[in-house]
Amino acid sequence: MTEALQWARYHWQRLTGGTNRDRDDNERPYSYSSLFACGCKSSQTPKPTGKHRVVVPHLRPFKEEYEKFTGTYVNNRIRTTKYTLLNFVPRNLFEQFHRVANLYFLFLVVLNWVPLVEAFQKEITMLPLVVVLTIIAIKDGLEDYRKYKIDKQINNLVTKVYSRKEKKYVDQCWKNVTVGDFIRLSCNEVIPADMVLLFSTDPDGICHIETSGLDGESNLKQRQVVRGYAEQDSEVDPEKFSSRIECESPNNDLNRFRGFLEHSNKERMGLSKENLLLRGCTIRNTEAVVGIVVYAGHETKAMLNNSGPRYKRSKLERRANTDVLWCVLLLVVMCLTGALGHGIWLSRYENVPFFNIPEPDGHVISPVLAGFYMFWTMIILLQVLIPISLYVSIEIVKLGQIYFIQSDVDFYNEKTDTTVQCRALNITEDLGQIQYLFSDKTGTLTENKMVFRRCSVAGFDYCHEENAKRLESYQEALSEDEDCVDTRADTPYGSLNNMVKLKAPSCGAVHNGPLGSKSSNYLAESCFALGSGEGASEVHHSRQAAFSSPIETDVVPDTRLLEKFSQISPQLFTPPDEAISDPPLETLYIIDFFIALAICNTVVVSAPNQPRQKVGLSSLSIMPIKSLEEIKNLFQRLSVRRSSSPSLASGKELSGVPNPFVSKLSLFSRMKLASPVEEEVSPTSESLQGSSTSACPSEIEKPDSDAGVTNVKVESLPGQPLASNLCYEAESPDEAALVYAARAYRCTLQSRTPEQVMVDFTALGPLTFQLLHILPFDSVRKRMSVVVRHPLSNQVVVYTKGADSVIMELLSVSEPDGGNLEKQQMIIREKTQEHLDNYAKRGLRTLCIAKKVMSDSEYAEWLRNHFLAETSIDNREELLLESARRLENKLTLLGATGIEDRLQEGVPESIEALHQAGIKIWMLTGDKQETAVNIAYACRLLEPDDKFFVLNTQSKDACAMLMGTILKELKKNSASSKQASLNAAIHQPLASQDSGPRAGLIITGKTLEFALQEDLKKQFLELTACCQAVVCCRATPLQKSEVVKLVRNHLQVMTLAIGDGANDVSMIQVADIGIGISGQEGMQAVMASDFAVSQFKHLQKLLLVHGHWCYTRLSNMILYFFYKNVAYVNLLFWYQFFCGFSGTSMTDYWVLIFFNLLFTSAPPVIYGVLEKDVSAETLMQLPELYKSGQKSEAYLPLTFWITLLDAFYQSLVCFFVPYYTYQGSDIDIFTFGNPLNTAALFIILLHLVIESKSLTWIHMLVIIGSVLSYFFFALIFGALCVTCNPPSNPYCIMQKHMLDPVFYLVCVLTTCVALLPRGVTFICLTDHASRSAHLSSMPLLLEGKERKWSASHFPVSLTMA
């Protein structure tokens, strides 16, 4: 009953325009380029069906069940607007009056309507509030109207929906699509709703989609038709569809979909994200697909992630709110003073009727009651003390600051055609107060261009010296062709021909070529576009292959490993013969190692002449007969498409498990491994046990790079494109690097379908692996596996790659006293671990490659349990994880790889500058310790002279003990360094304060888990506070966010987190400021961030220059607002001492209102946008200037009170100089108030001129305009207003004063006396600051000239372990 009521309430609110969504206040227009904002609260709509969702077809046979379940779900109409024509005014007012300041002024307006306390004319009191509310309402209305137009465009897009009446697919608008509808989409169409894929024209039942609208990734992803429907030769007929779908309720997790499809015979088929097409994605390279809608409209995953801009309250804004409360308290004190004074005044003249006028009934108000009424009158009179225009001015200033940040050409990246993005509109000033910076490593500090550098196979290390030389001499072209892949036309392996590079069109540059049988016009016409011309641009953008720059694709093989490849031939795999020796173990390891590199991935293969089209298998009839008859027969038999669809998402039917094979020994199992005869040691074992850890030549030796390289002859398959002409669409740069490395050794991935993978392996010819399952990589398992049936051995083989810390624990246990094979495995493991450590010390990313051979019975048993896990909805992730663990164990180690991820340009210089600015930098990475330390030195996070400590323990007690020991050491060093610096300061006063050695801390993920526990947090923070840099390695995404949260909350400091991948999203959202880097890992981090940059080096200027400017500008502007309001209001307060505290104003009400609302409002806004206290060049050269923002020196509590005291002083001068000038004269009240207003205007505006450090013509134009507008209004108002405010009126007052020399003398004298202290103080402070800056910059400049950086300074060993 409760759920039904919730559902009814939800639809009623939608009908009346008040959708019950948490994100309404911050939503932005629906845009496919901005749908992903990880971790934000999504709109939760009622689910009347309970925990799970039941979906049945929208057809006549299911009418009752459809109305019961599916008919209650929302349709596909989206509405991101807040308002309608009917509710705009009331709702906008309701939202605006959520602000306390607006409620305060509304209270004053109502109060002024009470006759007993009325101070102004009723209409005049309403004017400021009405102006502010109107400006904000217009802004909100225009923004909402823009959303409305975009919603209308999207809702009216057309798609093909199956019609029950017409029995065919008809065109319908997106807004009319409902859950249960069948939708048919063509190539390049955008998916209108979340739908389960039931049919694809691809013969393998796959569909390629581009998800750039969701996560920014332009590389293709595959989706699979639901198992059971993939085998259909014809398109699915909706009329014959008799199944029902049960899935999880709508949620915003883009990487999860749980459910099952139940047939009429109760047979269930598991559903996963591989079967789900998400709204906003684009169909690519598939002629047509058909699906059934499961989520529509605001319940789609894309819309649930559309949370809009994030709202954060800045530190400066919180401080300003506190000071507003102080102003309220000051207002109350002044009003109490007025009330008390009025009561005393009346009590003194109680019997004088002129001062105590009785009521019409003759009753006389007592002085106490009159004082009470006067308190409220004074509240109305002095209301300007609270700056109503401050918040509006702050918003305008921040928009101006954001405009200039985004217009800075230094942030523009020509390669990616991107600049800085400001996604959070209200925290720009926080950029100038950062104290702690948390950074990811891969893709943030590095380029995320993975370059294959080294590998270890069967315990032998292959250095690839030739490839290293190529990388050292390689410089990417700066022309437009730099993104083109070097496709060598003469040979598929141009890297074998002495690195001769012949430029040719790449996958990203073939859009002008033929597109098969379809013309480019057809593609353009079928593209999704909101306006003319957008479709073509989208297609062009989608053809840029990710991770395909020449530096990544060109790999020069290692000569020694290439020689071993030359020994591989088909004859090695013939049946045992006395004349042929068994193949050595190392050769088998090499074969398996490179096969794993080629197939253990999810890479999509495409050819240049058909961009992003799947490369199908070539005809068997034109295959070269280059292998043995047995291999050819196996290849032909395994090339036939199976009747079931294997993948992790869809699983396999038990009936699809192959029967036991013919009694025939496996080729691999029949191989006699190179074992010693009697007591002789095999050559492999002997070589492994040699004294040399690495077979690589020393750096002094110069290997013959040409030996065995240039004479290699490569053949390609007829009907297949050359290997160099293939494009690989990888989901990660690591996958692409390994596939390109395998291709360099002529183990080329030729094609991939959901059922098989074809690899062209050197002399063995094409090998087709039957693909049984893919266990994708996840952050929990930290590995990926593929299950295949090997074409040579016909066995089920599991190839696994993953982090060395995980793979090493999954290897089969070898006993020291075991057989020769187990001994060799143990030796290989030890040698590989040494190589891994060496790779990590060189800063390379490491991966381990392993395999496992399964029997048919073992695989059938695992498959049975895995199928049960797939078809469950509850606890599905846990069951699948347990299933993967049962498969990935007892592995055999094949080898390891070392991939280089180069530092981005300018990273070391930026980190050094941020260190000098007083920012403590933490690097949070998932890489192993040695890699993280090496990168930390390379990017100058750690200096060669730094003393760093390592926290790597296996227990909580050991962690606490080690942290205590390190703390004692640091405190001891700190005491000695302080004494040394004190002695140095005596002899060298100008010496740098930071002359002592810095401390760094390295902590591993396991130890970090202990340190984050409640009882060790304090000790951990105390330890890190003593360190200038901290490196957290092997950290999980959750640990990253916990570290940021711990530092921010416990140390009460301003934090910034920067990252580029989905694993950095939680960290970015927890920090005070989150910055995403628009790199090669999609746009997840950008969508969740407050600011986005294209490179880490841009952070230097963003913080040190724009951050400093924004903080200084806004701080001074807020203080100026308080100053000018207090200074002007006090003129009214001082006048009360001379009018019996009667609440009378010596200024006309219109002038009083317009003084703050119009005459003095524009100059501080211009100041807040354009002020530059220090030039950008100086701020970049002297990062130490940033420390003033960290200490909030521009806006301290003391600064606020000094500003108020200055305002009080200036108001006293401004009031009493004219008072004593005109004392004893016969001028009226408004004639006395006019010089006060004029002098106050000059004082307030010239005060801003004194505060400005960089006056421009815009400043002067606005100031002069303010003065002219004041005089223009006073003259016009004085000429027209004859009896505006009886008995006094401002008629011709300004005209008379402008003819009076005394008026000019009073204004000049008042202005000079009022600004004299401020001017003298400013001159003295400016002179002192310039001298201090000059003296402090001398040693820094000298140090910068003498400082040199060399990679040879890197320390070899750790200081403390």
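Placed from the backbone N, Cα and C atoms, the Cβ positions cover glycine too.
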Please identify the range among 586-604, 1232-1250 that TrEMBL labels transmembrane segment.
1232-1250
In the predicted model, what is the mean pLDDT computed over the domain 'P-type ATPase C-terminal' (1086-1319)?
89
Candidates 100-118, 124-142, 324-345, 1302-1325; stretch with most C-beta pairs under 8 Å toward the transmembrane segment (1195-1220)
1302-1325
Any chance the transmembrane segment (1232-1250) and the transmembrane segment (100-118) are in contact, meaning at least three CB pairs closer than 8 A with a sequence separation of 6+?
no
When each of 100-118, 124-142, 1118-1137, 1149-1170, 1302-1325 is checked against the transmembrane segment (324-345) for Cβ pairs under 8 Å, which one has the most?
1118-1137
Same-chain Cβ contacts of the transmembrane segment (1118-1137) under 8 Å, 6 or more residues past its ends?
316, 320, 323, 327, 330, 334, 337-338, 341, 378, 381-382, 384-387, 389-390, 393-394, 1143-1147, 1152, 1155-1156, 1160, 1164, 1167, 1195, 1199-1200, 1203-1204, 1206-1208, 1210-1212, 1214-1216, 1236, 1240, 1243-1244, 1247-1248, 1251
